[in-house]
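Following: one structure in structure tokens, then a few remarks.
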């Protein structure tokens, strides 16, 4: 009788523990996502206070992105080996400490070093989250709901970063965009230690390919460095660095094919779903970063918005994304299937970018920005959970950490690539028009229009690729 009464209690506790774990994982991921772009609106204040040069100021962002993007794959694999909980909690501790160092920085060098340390902690935290989530929720319907919640937090965090950066900088000062992580990080760390299930991991002796780790980490860091700094160097230097990155990737691939204990099993790329989802994600995230960053510049430099007003103007995006992901995404995917929901979402993203590419110099937020923002938000709310589910369904349980690290890596690479390409195109178009004596605001607006048109083409390419590759497998015909 006792066993009969106790069983529901244990099941209830287990259900509570899993959803509490999801909240903790989301909190950790939210901090790293926020800090990826929370500095954008605060950059002028940071430059004025610490005395950054115009070229040096870009490293407030780059110093975070390079280690973050470069270490995700290694951190994901190490999470499989030493235990994902251990990697997650260590990452939270490093990230929180680095945030405090950023907040008390009094010189450019200290801030850049602290931002790099933040990138390391962010990679450790983020790389294992999807693997832990898939293990916590193995049942397809619950997994779809959990992925929808996680995706909503991630998507909302990206847009909220712009708002919080403006609000905190204007209400207090720029130091608080980093110091706010201290209470959040401490609470999340304590909760993670108490609530998350311990996963012992396979052990470092079963897959610690250190030469391979050095090759791929160097290749990824160099790739992100080439992308984010492409507008600051001459073409020959950029091509030389890109060639070196490709060489390191080739050496890593050969190493993984021959070693007995690879860091990244090449069989992952044999999965049509995993490989295809990562390729689609690069294109989709490149498009969305174009909207987020170029859109913010359009509001400030063309429509004349201030820091706080720019952040406020972006608030509809996280609200729509959060409501749809939490309320509809899991049910929609469960009813129609991820392979149908994903193209529909990408089609809306393409339409939204196409609408935004018409934004003129004398435009208005209500007519030229908000409708496009709503289309993009609805499309992303549909596409991202579907894409995440497809990617992780293509990996085995023992590869979940590596697959999670790979998925997060392509997200960073896609965002960096989109931001670099679209920014260079916009700046080049604006400079050419200014050379033709075009008025500044008009030239700036036309530069952004070009960036949005290219982003529309990228979104259309993501749609075409998803339709071609991420289709459901046809059932085998029975023998007659």
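Placement of Cβ uses the backbone N, Cα and C atoms for every residue, glycine included.
TrEMBL annotations: computationally assigned, not manually curated.
As recorded in TrEMBL, the features of this protein are as follows:
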TRANSMEM  20-45  transmembrane segment
DOMAIN    21-474  domain 'Major facilitator superfamily (MFS) profile'
TRANSMEM  57-75  transmembrane segment
TRANSMEM  112-134  transmembrane segment
TRANSMEM  146-168  transmembrane segment
TRANSMEM  174-196  transmembrane segment
TRANSMEM  208-229  transmembrane segment
TRANSMEM  235-254  transmembrane segment
TRANSMEM  275-299  transmembrane segment
TRANSMEM  305-328  transmembrane segment
TRANSMEM  340-357  transmembrane segment
TRANSMEM  412-430  transmembrane segment
TRANSMEM  450-470  transmembrane segment
Other parts of the chain folded back onto the transmembrane segment (450-470), taken as Cβ under 8 Å at six or more residues beyond its ends: 272-273, 276-277, 279-280, 283-284, 286-287, 290-291, 294, 338-339, 342-343, 346-347, 349-350, 353-354, 356-357, 359, 387, 390, 418, 421-423, 425-426, 429
Long-range Cβ neighbours of the transmembrane segment (20-45) (under 8 Å; 6 or more residues past either end): 57, 60-61, 64-65, 68, 88, 91-92, 95, 99, 118, 121-122, 125-126, 129, 132-133, 136-137, 146, 149-150, 153-154, 157-158, 160-162, 164-166, 168-169, 173-174, 177-178, 181, 184-185, 187-188, 191-192, 195-197, 292-293, 296, 307, 310-311, 415
Proximity of the transmembrane segment (305-328) to the transmembrane segment (235-254), 3+ C-beta pairs under 8 angstroms: no
Paired segments the transmembrane segment (146-168) and the transmembrane segment (412-430) in contact, 3+ CB pairs under 8 A: no
Annotated stretches the transmembrane segment (275-299) and the transmembrane segment (412-430) touching (3 or more Cβ pairs under 8 Å): yes
